[in-house]
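For reference, TrEMBL has these:
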- 146: active site, proton acceptor (ACT_SITE)
- 13, 91, 92, 120, 121, 122, 123: ATP binding site (BINDING)
- 121: Mg(2+) binding site (BINDING)
- 144, 145, 146, 181, 188, 189, 190, 246, 291, 297, 298, 299, 300: substrate binding site (BINDING)
- 5-323: domain 'Phosphofructokinase' (DOMAIN)
- 122: site 'Important for substrate specificity' (SITE)
Ligand code: F6P
């Protein structure tokens, strides 16, 4: 039997499903008699190896496993847990020559044949450069609640995050209705609107604002929001839910950490103004309470849903299979309900270009079926 030594690391912001990936890689590899080394805190782990903090033996997941004590001994709990048992690194400095050199040294000291990199677009970009310098064999597994990795329909973590935001919208509906309030929910996703759009539809939002359609909150967009709220009121609905992606900018095209609060204020000001210039239908909005809620990191840390566990597991198994076949520098992807793999290099090319141009590498398709669905439901998307 060909005994392989492989490594795995998780990099970038955590998300539900990372542990399920690690578990599936370790299980499948152990059955083949391979050794899997878990690199702590992304590429920082290699630096620590280079500095002597860890010996290869300390990182051998196939030996240490994650045993639980007492009656729980033998319980395979890892896939249920969010976060990453390996830790993740969202801000390393591998571009610094001394750090890059230490990473390459640590990698070489472990003497691994291939590395499974679990990361989003930023991490894949950075690690690809290191891999090129060090002649590493890598297999990438896409993960991110933002779902902005090109070529894959889904990244691990996205489905659970959609569910968390959807549930939050459901929960907020009743307080909004009881107080006749407009509740604005600020959703993560960086410069991609997938999370906001999916959860907005599933959670019954009346207005969905995403950067792909509403890059900034112009007076026209605010006016559109007010119109939608008036229409709802006239139809007998005395509350409303708005979801806004954190990637939507303010009127001055500036990123605003509190974009939901900004929108609340603008809706109040605009309805006041419209009421004063004698459009009485807007006077009704003035007395409405508007509240902004930011879900923050709650969106990243929930128990992974069964679908994310499955996706994570399938991706992990596929990565091991590719290594077994000696097919490297690939990214495993989910397309049309199937696991596939494709060359990493073209994806990195797209990611790099988009980063340089300050664009999202895999934005929401403005003409896609999700946007069409939202529009068909009468949801206002900010289009003027
Ligand atoms: O990329 C995942 C993500 O959660 C984004 O949606 C969000 O903008 C960012 O990470 C938050 O990063 P941090 O955890 O460093 O604040």
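Even glycines carry a Cβ here, placed using N, Cα and C.
All annotation found in TrEMBL is predicted automatically rather than curated by experts.
All protein chains considered, the CB of residue 120 (ATP binding site) has 27 other CB atoms within 10 Å.
Across the residues of the domain 'Phosphofructokinase' (5-323), the predicted structure has a mean pLDDT of 94. Comparing the Cα of residue 298 (substrate binding site) with the Cα of every entry in 92, 120, 121, 122, 123, these being the binding-site residues, the smallest distance points to 120. Looking at residue 13 (ATP binding site) and residue 144 (substrate binding site), their Cα atoms lie 7 Å from each other.
Note: the CA-CA distance between residue 188 (substrate binding site) and residue 92 (ATP binding site) rounds to 22 Å.
Residue pair residue 144 (substrate binding site) / residue 120 (ATP binding site) shows a Cα separation of 6 Å.
Residue pair residue 190 (substrate binding site) / the residue listed as 'active site, proton acceptor' shows a Cα separation of 7 Å.
Within the same chain, residues at least six positions away from residue 123 (ATP binding site) with a Cβ under 8 Å of its Cβ are 11, 12, 42, 89, 117.
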